[in-house]
Structures are given as C-alpha cells and as structure tokens.
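K.L.:
For reference, TrEMBL lists these features for the protein:
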DOMAIN    47-184  domain 'Nucleoside diphosphate kinase-like'
BINDING   Lys55, Phe103, Arg131, Thr137, Arg148, Asn158  ATP binding site
ACT_SITE  His161  active site, pros-phosphohistidine intermediate
Amino acid sequence: MFSRVASSLAAFARMTVPVSIVTGSALLSVSLAMTPTSSTTLNADSKERTYIMLKPDAVNRRLIGEILSRFEKRGYNVVGLKVLTPSRELAEAHYAEHKERPFFKGLVDFLTSGPVVAIVIEGDNAVATARTMIGVTKPQASAPGTIRGDLSIDVGRNIIHGSDSVESARREIGLWFRPVEIVDFKPVDHAWVYEK
C-alpha cells in the first residue's frame, strides 16, 4: 500500500508542493522535482510568504481541505506543506515568546498531542491577509466568514496559527521547514490572480 501511495504522491508532488505524511509510526516523505529556494527569500515576483499551521484539533476534525481551499481560492500559492507531530523541542521553540506565561505548558502540550499541518503560503500581502482570513485568537469574537469564526468556538481549540508579522513568518518558516522543502514556482493561473 505504501508504494502505491508514495507513487501517487510523487506524481502529485512533481506538480505542486513537498509532501510528508505521517501514518502511525511511519513517516512517508516525497521529494520534489521543483527548484527549492531559501525559506526566507521570495520568488522573482517578490511575493510575501507566511507560515500557517493547522493545529491538532483541525487535523482531528478533518478540516484540512476546507481550510487550505480558502487560501487557494483567495489566490495564494502553497509553496510548502507537510504533516507531522511536533517534538516538544519544536513546539517550545515555536511558542518561545510565551515561555514565561502561565499558559505556555498547555500550549506546548496541546501542540504535541497530535499531528499538525505546516504550510507556507505565498502571495501579495500574505501575512496580513492570512491573519484577516483566520480571524482573531478568540473564535467567538471572530467575524463570520473568517476561518475561526466559521469553524471553531473555544480559544484553546482555535484550529489554526498564522504568523503575525513578516519577521515572525521568516522565523517560523525557518523552524518548521528546511530550505529544500520550499518550492519556487509561478502557477499557470498567475495572470488571472495578479494584474502585474
């Protein structure tokens, strides 16, 4: 079964983005034929990149496709994508700014409780637009039409993380992705999304 899945994913990955799948205790990775680029640089069109993470609650509720499709329909390119269960060390590094806060341990415990989907999206004003699409931290205060406003209720289970600044995006992309896991490409529909 793994060979069939790997073969299908390899064909798909050559057209789109890097893929890693965790199944039980096995990690299945697929390499790309696309040109890798530095996780902190942008493509030739100088599009901005941001880091998006679908948390364990989103994965367990099977919301991956629903959430990813919102970014793609908006016109953003997925240039990095993988599924993994974060190590405690990675989760602590991700939430380092909250280390002295009383909720830090709970954040780390939750993030390491199951698989997450790590994503890099690229496009004009990606950081700010993604944050607007996601909604505010407290889902009940998020506007209808936002990801959190539509798909979550509790702040402790708010399903998604998005970088809050270009600097945070660079740091978080560097934490979660190796440069070879980020692709640089211009999709065929580029002219239908961007005027220039």
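Each Cβ is built from the backbone N, Cα and C atoms, and glycine gets one as well.
Please treat TrEMBL annotations as automatic predictions, because they have not gone through curation.
Note that the coordinates shown come from a computational prediction; the quantities given were computed from them, not determined experimentally.
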K.L.:
Using a 10 Å radius around its CB, how many other CB atoms surround His161 (active site, pros-phosphohistidine intermediate)?
P.N.:
21
K.L.:
So how many of the residues in the domain 'Nucleoside diphosphate kinase-like' (47-184) end up helix, strand or coil by DSSP?
P.N.:
68 helix, 27 strand, 43 coil
K.L.:
Please report the Cα separation of Arg148 (ATP binding site) and His161 (active site, pros-phosphohistidine intermediate) in Å, rounded to an integer.
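P.N.:
Rounded to a whole number, the Cα-Cα distance is 10 Å.
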K.L.:
In angstrom units, rounded to an integer, how far apart are the Cα atoms of Phe103 (ATP binding site) and the residue listed as 'active site, pros-phosphohistidine intermediate'?
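P.N.:
If we compare the Cα positions of Phe103 (ATP binding site) and the residue listed as 'active site, pros-phosphohistidine intermediate', the gap is 16 Å.
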K.L.:
In sequence order, what residues of the same chain, 6+ apart, have a Cβ less than 8 Å from the Cβ of Asn158 (ATP binding site)?
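P.N.:
Looking at Cβ-Cβ distances below 8 Å from Asn158 (ATP binding site), excluding near sequence neighbours, one finds Lys55, Asp57, Thr137, Lys138, Pro139, Arg148, Ser152.
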K.L.:
Near Arg131 (ATP binding site), which residues of its chain come within a Cβ-Cβ distance under 8 Å, counting only those 6 or more away in sequence?
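P.N.:
Gly162, Ser163, Asp164 - these are the non-local Cβ neighbours of Arg131 (ATP binding site), listed in sequence order.
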K.L.:
Which whole number of Å gives the largest C-alpha distance between any two of Lys55, Phe103, Arg131, Thr137, Arg148, Asn158, the residues noted as binding ATP?
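P.N.:
Comparing all Cα pairs, the maximum is 22 Å.
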K.L.:
Have a look around Thr137 (ATP binding site) and count the other CB atoms within 10 A of its CB, chains all included.
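P.N.:
By my count, 11.
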